[in-house]
Every structure is written in structure tokens, then in C-alpha cells.
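Listed in TrEMBL:
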ACT_SITE  HIS178  active site
ACT_SITE  HIS233  active site
REGION    1-29  region 'Disordered'
TRANSMEM  37-56  transmembrane segment
TRANSMEM  76-93  transmembrane segment
TRANSMEM  105-123  transmembrane segment
TRANSMEM  179-197  transmembrane segment
TRANSMEM  209-233  transmembrane segment
TRANSMEM  239-256  transmembrane segment
Amino acid sequence: MENGNTVRRRTSSTPTPKEAAEGIDKLPGPRTNTQQLLLLSFFPATLIFGTLWCFLSPHSSDPNYFSKKSNLFNVYFVKYGWLWTTLVFGLHAARLKPSLQLQAIVRYGLATTFWIAITQWFFGPPIMDRGFTFTGGYCELVAADRENVGSRAEYIMASAACRSANGQWKGGHDLSGHVFLLCHASLFLASEIWPVVAKKVRYGGSFDITTKAVLSLVGLWWWMLLMTSIYFHTTLEKVSGIVVAYAEWYIVYVWAQRNEQLRAFLGAPEHSL
């Protein structure tokens, strides 16, 4: 009898598969999953493929629409990349449960702050420009412009100021702003929209207009990342751009999700629907 009771007690305490799955969902953070592994490898693989194509393909130096900086996708989409990212994310955030919208906006705020600090402003010149001048870069001006700028020439520390003075960045390490933006925006949008896509794929059904808009923009960003990796920048510039882009994504969507306090503050995209 004692052994039988012991067996029954042990049997009754054994969770069913459903209970086990629910228990896993309640852990402080997600395990390394297919989503994280795919996002961790997809964009670096794109960059590697594009770079190899640039070096090995006999046609990589041929004139191409996407090899021109004046192509419409670059001028009207990539140039205003974070604006387009903001618009489609706004459509996605508007359909979330009201109690979870704030956490989604906080995640967007962190991504936006990171983009601003790297490419626009960081208590003066952005981080990418500070890195350029720190590694020996400077603004080279033609003689006439140098006379107009005068003694201020050596103090031009931002790429925007250099361009406005008709100068060119010379020397130093110039992190690829295009690679950074395209990868950073893609990682952010893909992480936020993934639960919606996974749910539709698993249970069937068509994507609504909002999901299609987000996926279309991610697809465009991926294509422009591939074109950038083929036609523009040195290998080191592209690598540094993608590494910096992954830094914020890893902190917010991987590391912070494994910390109970940070996860409670930031929320998780998979709980937003």
C-alpha cells in the first residue's frame, strides 16, 4: 500500500505536456529559439553573400541600377529609413492590446534612441562620426572652401558639417551607416512582427494589411542590405555596421528577456497579441 500510494503521489505530481509547456512560458526569459537563431544568422549571411559576390562575380562591377546612389529606393526609402520603419511599426502597435502597447513603445523608443546616438546626435557628433575622427579621420576641403571655412576646418567633427562645407571624409574608419540602418530596422521590425507571422503559419489564415506592410518593408530593407553589401563600402565598414546593429537587438530581445526585472519592464513581442 505504501508503495502504491507513493507511486500515485509521484504520478499525480507529474505534469502533463500542456502543463509543462505552460510552465516553460512562465520562466523569466525565453530559451534560445528558432527565431533568435534565424535572426542572428540571416543578415550576416546576407552580408557575407553580397561581399563574396562583389569579389568573385565577374559582373559585380558592371553598371547596375542599384549601384547608383541616386536610385529611387535609396533616395526615397533608405534615406528616410527610420521614418518608414516608424510608420509601419505604428500600424502594428495600434492593434496591440492596450495594456501592452506601452511596452512596445518603450522597445521602439530604445531602438530609436540607439539609431539617433549612432547616426544623428550623441551630445554633439553622432557615435559613428566620433569613431571616424577617433581613428584618424578628418574633413578634407578644397582650397577655396578651406579659405572660406578658415580656422574652423580642423574642428569639423561631423560628416553632415563636412558635406555642408563641400568637404570629404578622409582617413579613419567609416562605419557603414546604410548597413547599420538596414540591419537595425530589419531586426527591430522582424522581432516585433514574428509572433503574428508564426501564429498565422501555425494555425493558418491570411496576413492582414498591417502585417503585409511590415513584411514588405523588411523585405525591402533586406534587398537594399544585399545591394549595399555588393556595391558599396569596404568589408570592414560593412562588418562594423552590422555588429553595431546587432548590439542593441541582442540587449533588448535576447539578454534583457532572460532577466526577470527587465523582461517585466520591456515586455516581450510574443505576449503582445
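Glycine is no exception: its Cβ is also placed from the backbone N, Cα and C atoms.
Spacing of HIS178 (active site) relative to HIS233 (active site) is 9 Å (Cα to Cα, whole number).
The list of residues near the transmembrane segment (76-93) in space but at least 6 beyond its ends in sequence, with Cβ under 8 angstroms from a Cβ of it, reads 101, 104-105, 108, 112, 115, 178, 181-182, 185, 188-189, 192-193, 196, 210-211, 213-214, 217, 220-221, 224. The list of residues near the transmembrane segment (209-233) in space but at least 6 beyond its ends in sequence, with Cβ under 8 angstroms from a Cβ of it, reads 43, 46-47, 49-51, 53-54, 60, 64, 66-67, 73-74, 77-78, 81, 84-85, 88-89, 91-92, 95, 174, 176, 178-179, 182-183, 185-186, 189-190, 192-193, 196-197, 200, 241.
HIS233 (active site) counts 20 other C-beta atoms within 10 Å of its own C-beta, drawing on all protein chains shown. Ranked by number of Cβ pairs under 8 Å to the transmembrane segment (239-256), the listed stretches 37-56, 105-123, 179-197 are led by 179-197. Long-range contacts of the transmembrane segment (179-197) within the same chain, counting only residues at least 6 positions beyond its ends with a Cβ under 8 Å from a Cβ of the stretch, are 35, 39, 43, 47, 78, 81-82, 85, 88-89, 92, 104, 107-108, 111, 114-115, 118-119, 128, 207, 211, 214-215, 217-218, 221-222, 224-225, 228-229, 233, 237-238, 241-242, 244-246, 248-249, 253, 269-270, 272-273.
Around the Cβ of HIS178 (active site), the number of neighbouring Cβ atoms within 10 Å comes to 22.
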